[in-house]
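Report on the following structure.
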């Protein structure tokens with residue numbers, strides 16, 4: 001019964017992962033086709049994140065899920081070590097990319113002037129460093145003195161505690177992941193606070209018609225390109241010299257940064273749950289543990305799909321492929 005359940009869930013994960021893999025590829029192409037996205041530092045980092053997702057899902061559909069379906073090892077050393085490194089690179093890349101993305105979102109919302117100063121080259125250099133570190137960390141796990149081994153009985157990778165340095169590698173993995181998650185959560189809290197305050201100001205403006213000029217205004221109220229310093233947003237107001245003009249002062253870029261931040265929060269929550277499920281809950285066997293593993297595997301592969309659903313610019317870029 002347990003074997004049949006494993007095979008069934010493997011087929012489900014394989015089918016859905018193939019769909020997510022195709023969507024991730026289209027999302028990556030869609031980002032490249034949209035000029036406004038391909039030059040945005042946050043979206044460049046997101047493209048790198050989706051690339052790691054493609055690598056991760058590719059490793060799953062080419063070996064992990066087929067092994068679960070067949071019930072036996074399909075590839076052995078040295079190819080199994082290559083597959084292990086291939087599977088680990090996306091994990092370590094994500095650990096490094098999420099804090100960097102959080103910092104970029106923080107700058108975009110709290111310090112837009114500094115964010116505008118960032119160049120595409122900075123994002124590409126960050127990606128290069130991230131991938132080099134991820135490759136080095138992944139290679140360490142297949143060295144003779146430390147790392148992991150493949151259990152032929154249970155068909156999964158595990159820490160090989162008979163090796164002298166594996167304890168250090170295990171703790172380093174946990175410390176690195178928890179540090180990255182903690183930094184990102186702290187920044188996310190600040191982003192959420194700013195989003196709530198911004199929404200409150202927006203609702204207040206609608207209720208009180210705050211954007212309208214007062215009736216007694218008789219001089220220039222807002223000068224050319226004056227930034228609203230009260231909340232340090234990227235709201236830019238038009239020149240208003242005639243008191244009869246009541247509407248035209250609108251923020252033009254803050255909303256897009258909020259939407260990007262919301263999408264980021266969503267995929268980061270998925271990442272945190274993935275870490276908890278596969279690094280904590282996996283050690284506790286209970287009746288529905290297989291269901292949690294199944295749902296986690298499905299949701300963790302849906303990051304690119306969530307961006308496609310909730311980001312209008314990415315949808316536009318993807319749909320332009322078929323036009």
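The backbone N, Cα and C atoms fix where each Cβ goes, glycine too.
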So which range, 122-152, 215-245, gets flagged transmembrane segment in TrEMBL?
122-152
Going along the chain, which residues at least six beyond the ends of the transmembrane segment (82-110) come within the CB cut-off of under 8 Å?
41-42, 45-46, 48-49, 52-53, 55-56, 58-60, 62-64, 75, 118, 126, 130-131, 133-135, 137-139, 141-142, 148, 150, 157, 176-177, 180-181, 183-184, 187-188, 190-191, 194-195, 232-233, 254, 257-258, 260-261, 264, 268, 271
Cβ contacts under 8 Å made by the transmembrane segment (260-284) with residues that lie 6+ beyond its boundaries:
42-43, 49, 94, 98, 101-102, 105, 108-109, 174, 177, 181, 184-185, 188, 191-192, 195, 292-293, 296, 299-300, 302-303, 306-307, 310-311
